[in-house]
Amino acid sequence: MQTRKTFSWIKEQINRSISVSLMIYIITRPSISIAYPIFAQQGYENPREATGRIVCANCHLANKPVDIEVPQTVLPDTVFEAVVRIPYDMQLKQVLANGKRGTLNVGAVLILPEGFELAPADRISPEMKEKIGNLSFQSYRPNKKNILVIGPVPGQKYSEITFPILSPDPATTKEVHFLKYPIYVGGNRGRGQIYPDGSKSNNTVYNATSAGIVGKIIRKEKGGYEITIADASDGRQVVDIIPPGPELLVSEGESIKLDQPLTSNPNVGGFGQGDAEIVLQDPLRVQGLLFFLASVILAQIFLVLKKKQFEKVQLSEMNF
């Protein structure tokens, strides 16, 4: 009996230890989920500024291409694909937060017209689900269902992202009309250079904060450098801290200028934005167009038949 109680107590302690360890890991691990686009969601009510600039460009300074493909026209209450392509060289490696090299992640923000939103799962076809894969989209804000964000996700697998979109029906949504609408997209690959608070990440170039002579360079145990610069005019010493990641370009005893690069620029990613247009088409207009085309075709057929009949009459009169 005592042995059974002891075994039960040991089992309980082991389970408790595992639970505590798991909680500590979840809290302290460097999760990519706290990266973009959460920064934009926390800092900006709308991801697109009045100038047309998407706010992701404030932290991702390099300009890179992005492409979007949507149908020219869609009917009300239909599901269609918005395909966003974020091209980059898959062989590239980026500097991670710990200074090591790793693969690039990608992310995207899709700004749809009012009324357009993410298609519900039961409206998505199996073919479209296969294109989407394991991606999980979310609204930029609970009250902004027309703005969708995704990422960061592995770039090698998702450099092409398929958004399933549901078009609105003006019959039930009075704010929507049968018009041509713009769609805006922003796509990013790799980490940013600046955090929302204005501080630099380790994925950018570091410049000298003072002119003078490089007196001492100390390599830190966990990576990175402390560079002591002695001002040539007054001898004042300034210490510049370089995080792990960027490669050092200066050496001790070297004379440097203010804002001179102390490191290389390790950034291999960047952000791009683009736009497209889509027409929300009235089904009655489509039906009218089809009726008009059918009437034109019938008129052409009757004209040809009438012409052939006339030619036969002429031929019979000539033979007579």
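Just so you know, the numbers here start at 1 and follow the chain as drawn.
The backbone N, Cα and C atoms fix where each Cβ goes, and this holds for glycine too.
Annotation comment: Swiss-Prot describes 1-35 as signal peptide. The annotation heme binding site is assigned in Swiss-Prot to Y36, C56, C59, H60 on the grounds of sequence analysis. The transmembrane segment annotation in Swiss-Prot covers 286-306 and is backed by sequence analysis.
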Highest Cβ count within 10 Å among the binding-site residues C56, C59: which residue is it?
C56
For H60 (heme binding site), just count the other CB atoms lying within 10 A of its CB, please.
25
